[in-house]
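Here's the structure, in structure tokens; my notes come after.
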Amino acid sequence: MAEFNNVHSVTEMPGDDAKRSFHHRMFLEPQEKKRSMKALMVKQAKKTCSCTPAKVKDYVFSFFPVLQWLPKYKLREYLLGDIMSGVIVGVLLVPQSIAYSLLAGQEPIYGLYTSFFASIIYFIFGTSRHISVGIFGVLCLMVGQVVDREIQRAGYDLEPAALSVLTDTAAYVNTTILPVNQTLQKLLCDKSCYAITVGATMTFIAGVYQVAMGFFQVGFVSVYLSDSLLSGFVTGASFTILTSQAKYLLGLDIPRSSGIGSLIATWINIFRNIHKTNICDLITSFLCFLVLIPTKELNEYFKSRLKAPIPVELVVIVAATLASHFGNLRDTYGSSVAGHIPTGFLPPRPPDWNLIPNVALDAIPIAIIGFAITVSLSEMFAKKHGYSVRANQEMYAIGFCNIIPSFFHCFTTSAALAKTLVKESTGCRTQMSGMVTSLVILLVLLVIAPLFYSLQKCVLAVITIVNLRGALRKFKDLPKMWHLSRVDTVIWLVTMAASALISTEIGLLVGVCFSMLCVIFRTQRPEAPLLGWVAESETYESLSAYKNLQTKPGIVVFRFEAPLYYINKECFKSTLYKQTGVNPVWVKEAKKKAAKRMLKEKEVDSSGNQTSISMDFVSEPLGFHTIVIDCCAVQFLDTAGIRTLKEVCKDYREIDIQVLLAQCNPSVRSSLIRGEFFKEGEDHLLFHSVHQAVDFALDAQGHSGTSTSK
């Protein structure tokens, strides 16, 4: 194909206004077509399967980014900032790890394990210099819901007397070497042991999903999680987190609700048992709020002046532990405490493969939320500090941060915004700060952990709730968000409400589906204005948006601001007919009826008076002779869209109105040619600008008028 199409344009003769303009052909030579799919696959296979020392080295350095930046580490320039930020984040992370363990339905020691291993593994595999990977409240909530469900299925919520009978029976059956059922086997592992088994198994599966996403390069999934959707989801989940921690504030011993409507069910349960409130826990919670909230606000208000935030959470935990220990609050007032926290590490243990079918589905939203938050945060801070991150490598990194620790009694992790902001603001330069954080947590694991035996659980609940302030403050941004984008605001509200009132997993699904429906609805009923000419230019803009635009006599310029496909094809036709004021189908029907009436009147009245009136009606002018469709906003056409354009052109042609297409992108042009939109010799009706199309129509009408007068 030597030329793409013949495009007519009008060029004014310089210095002579009286002279008539003329046309010239614009030749566009298309690029060579891409190779066939088979050739591309063969080329990619050769590239992938080839093995050279240089390629192996590049692959290893790419898979382990630490090998790239660690040899170039500037000791004098980076070390002080990394040590300071690492210590500060570690000090903040210790109380949060213990508190969020409660949210995930785990013992405090497992939260410390999780934070320790996540920092080390991301140090090796991560490409971001600033993000802090560890425990994230929303993921802990999702893990905790699954853990509670599986604990109930396993029978761990039976009465203590029944548990002792079943345990004794299981031991007796084991000694007689008889087969035992699954429930009795599970009871040989206590509730805490089984809870971390469920959490670790789900963490392993979530990590496998994330690594698979990185391997198959399906990071595009995260584009369906818009900022407004993620923000609404986190805020909705924050209400569920707050609800799950409320019982600890009051010292109530009630079962954790799960499933659809768990938030409402939990509050009903709380109010039914409100008379059992532990006054000691309530007073402790109130005092902790009085200390934590003002200090946190001061930290934020003076963050530009403070070199490091005040570690108020650690101070509160130490003070509360000492008060509980010396006041003997557990024995005197029945306060619920953290209990024994062992030192050192437990021996590694693989996930329970038999649990995988039970938790495989639950791990999908956890994996997606985890990598979406990690990738978005890493890209945000990389852009801010002028370096690049690799999204697929980030998925590998967060995947291995879940797979490897799952063998060491850990649960799901991801990047966390609050700790990342602290890390950045306190001088972090590289992920060496993550190693320092791990050393701080290691010190707690080896030496300090048992000292938290008397720490009240209500203190941990207060720390968790206070850290939800950022998510709950999003309500203050709603007026600004509404002013900026009403659609995004509605997506935020729907996702937030569904996540809070239904469940976190269903809320995420509802948010994704609703946001996609919003996109579809916006393309289903797009803007479709008529355009006018900007004087002394070649520009055409919307008549409804701008004043003082001119229209060319006999020409209507119409723009459709969306792809033309099966969903909006009827909208395209109806809007075009409405804007032009001419429905060609109705005009044809009117002409047919007028012609029939003319024949009948001719038979009845031989004088011809009525016939002349009918002929006048049939030949009544329509006000324009050309429609130019500006296709600059039409990204693509499907078969229904091509068929619709054919029908429109055919219908208008039958009533002596020509339709010209302008500013079609190469994809649309290719679709039109493949769809045989143009008959032989008609490809000149496709133009590269609206101005060219309008000039062509004016010139063609001028020649037509001249030939008619002759």
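Using the three backbone atoms N, Cα and C, a Cβ is placed for every residue, glycine included.
TrEMBL lists transmembrane segment at one of the ranges 218-242, 268-292, 543-567, namely 218-242. Recorded stretches compared: 193-212, 218-242, 438-468; the one with the most Cβ pairs under 8 Å to the transmembrane segment (396-418) is 193-212. When each of the listed stretches 120-143, 193-212, 218-242, 438-468 is scored by C-beta pairs under 8 angstroms to the transmembrane segment (306-326), 438-468 comes out highest. Against the transmembrane segment (78-100), stretch 438-468 has more CB pairs under 8 A than any other of 193-212, 218-242, 355-375, 438-468, 489-517. Residues 104-107, 110, 143, 146-147, 150-151, 154, 156, 186, 349, 351-352, 355-356, 359-360, 362-364, 366-368, 370-371, 395-396, 398-407, 409-412 of the same chain sit 6 or more residues outside the transmembrane segment (193-212) yet have a Cβ under 8 Å from a Cβ within it. Taken together, the residues in the domain 'STAS' (545-697) have a mean pLDDT of 81 on the 0 to 100 scale.
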